[in-house]
Amino acid sequence: MAGPRAGRGSGLGLLALSALGCCLMLQVGAKRPPKTPPCPPSCSCTRDTAFCVDSKAVPRNLPSEVISLTLVNAAFSEIQDGAFSHLPLLQFLLLNSNKFTLIGDNAFTGLPHLQYLFIENNDIWALSKFTFRGLKSLTHLSLANNNLQTLPRDIFRPLDILSDLDLRGNSLNCDCKVKWLVEWLAHTNTTVAPIYCASPPRFQEHKVQDLPLREFDCITTDFVLYQTLPFPAVSAEPFLYSSDLYLALAQPGASACSVLKWDYVERQLRDYDRIPAPSAVHCKPMVVDSQLYVIVAQLFGGSYIYHWDPNTTRFTKLQDIDPQRVRKPNDLEAFRIDGDWYFAVADSSKAGATSLYRWHQNGFYSHQALHAWHRDTDLEFVDGEGKPRLIVSSSSQAPVIYQWSRTQKQFVAQGEVSQVPDAQAVKHFRAGRDSYLCLSRYIGDSKILRWEGTRFSEVQALPSRGSLAMQPFLVGGRRYLALGSDFSFTQIYQWDEGRQKFVRFQELAVQAPRAFCYMPAGDAQLLLAPSFKGQTLVYRHVVVDLSA
C-alpha cells in the first residue's frame, strides 16, 4: 500500500518540475519589445536623428547616438557656450529659419565630429572670433541670409579643413574690419560663393573678392598720455650721453635745471640730477668731444655753463656768459658748422643782443653779436643745400634770416620773412624737396610758409591766438605739428601729402605750453609738452590698425 502512493507522489512532482522548466524556458527565450529612445515633445526623433520645431531651448534629452540635429523656428534667440556639448557624436547641425541674434563664444565646443553647420535665415548681427573654436572636422559652413555687417579677424582660422563657405545675403560693411577677409579670400582653398558689399556707398554692390587692398586705409595713429611729470617747466631738451638717454628741463618754479634719465626697464623718466637755476628759461645740453655741458639761461642773476664731471658724478660751473651782452635770454640753439661747435642765445631785452658763441679747446667764447635791441624770442638753425642759416624771430619785427659765410666765418644778414610782421617761435621742416617755415604768433594766425627759391610764400594760416610754442616733428614717416596756446588746448595737426597742408588731427589737454619736444626712447615715440601753468605731460605716439 505504501509503495504505490509514494510512486504517484513522485510522478506528480516530476510533472510539476517539468511544467516549471517549460515556463522558464519560454520566459528566457522570449524577446523584449524595442525601447523608445528619449525625445522632447517638440522633436521627432529616430535612433540617430532629431528634427525639432518651436523648441524653447536646445533640447537636452535627445538620444546620445544622434548625429544629425535640426532646429527650426526656435523660441529662443541666444545660443550659449557649449550648447551642444551633450551630443558629442553630432555630424550635421542645421539651425535655419530661427530668430537667433547672438551666438556665444565656444557655442559649438565639444563637437569634434561636426562636419556640416548651417545657420541661415536668422538675425545675427555679429560673431565672436571664438564662435567656431574647436570645430576641427567642419567642412561645410553656411551663414547665409543673416544681418552680418562685419566678421572678426581670423574667425575661420580654427576650421582647418573647411571646404565650402556661404556668406551670401548679409549686409557687409566693406570698411577696414573687412580688409582681412579680402586678404583671406585671395589665399584660401575654401570654396566661397560670391559675396557683395552693402556699404559704404563707394563699394556698394562690389564683390568682396574683387576689392583692391590699396583702397583700405586702415592705419591710424594717436597720442595717448604716457607719463605725468608733476611740475611746470618751460623748456625740454633730450640728449644722449654715454649711450644713455636724458632729458634736461628748465624749471623756474623749482629754481633748477632738472636732468631726468630714461629707465629702459621701467620705461619711464626718472630724476637724475639738478643744477641750481633760480630763474631758468632754457637748459641746453651739448656733448662736445664726449664731454657733457649744460648751458643754463636765466632771466635774472646771469647765465652759466656747467660741465659734468664723471669722476665726481656732479655738475660743476665752468664759466659765466657775459651779462652785458646777454641780458634777457629767451632761447638757445646749438649746432655744428664745418666741424666747430657753436651755440646762439636769443636775447629778448631792449638792451642786449642775440649772440653767437664758439667752442675752443676748454670753453665757449663770444664769436659774434647778431641782432641787437630787437626783443628776439626764438632761434632756428637750418642746414640745407650746404648753406647753414640761422633764422631769428622777434616780437617787434619780421623774422631775420642769416646765412653763414665760410670766408668770414660769421653769419651775414640775408633778408627778412616779410610775410609775418612778428613771430614768437620759428621752426622748419622739409617735405619732399620743399623747405617750409612754421611761425607761431601770439596775436593773429600762425603761418606755414614754403621756400620758392628766392622768397617764402604763404601756404597755410592756422588759428592760434595766444601761441608761444609751435613744433613740427616726424614720427615713422608721419609728419605732425604741435601748436600750443595760452587760451585753449594744444592742437596736433598732421601733414596731408596730397594737399600739401596740415589738417587738424587731435586735441591735447595741455595749457600754456612753452615748448614741444619729440623724443624717441627705444620703441616708445614720445612727445613732451612742458607747461608754464601746470604739469609737464608726456604723450606716446601709438599706431592703431583698424583692420585688426
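One-based numbering along the chain as shown.
Just so you know, glycine gets a Cβ as well, placed from its N, Cα and C.
What TrEMBL records for 170-219 is domain 'LRRCT'. TrEMBL lists 222-264, 268-310, 314-361, 363-406, 410-453, 455-497, 501-543 with the feature repeat 'EAR'. Residues or ranges marked as signal peptide in TrEMBL: 1-30.
Using a Cβ-Cβ cut-off under 8 Å and counting only residues 6 or more beyond its ends in the same chain, the repeat 'EAR' (501-543) has close neighbours at 219-238, 245, 247, 249-250, 262, 264, 267, 269, 448, 459-460, 462, 468-471, 473-476, 480-482, 484-486, 489-495.
For the repeat 'EAR' (455-497), the number of residues in each DSSP class (helix H, G, I; strand E, B; coil) is 0 helix, 26 strand, 17 coil. For the repeat 'EAR' (268-310), the number of residues in each DSSP class (helix H, G, I; strand E, B; coil) is 0 helix, 33 strand, 10 coil.
The average pLDDT for the repeat 'EAR' (410-453) in the predicted structure is 94.
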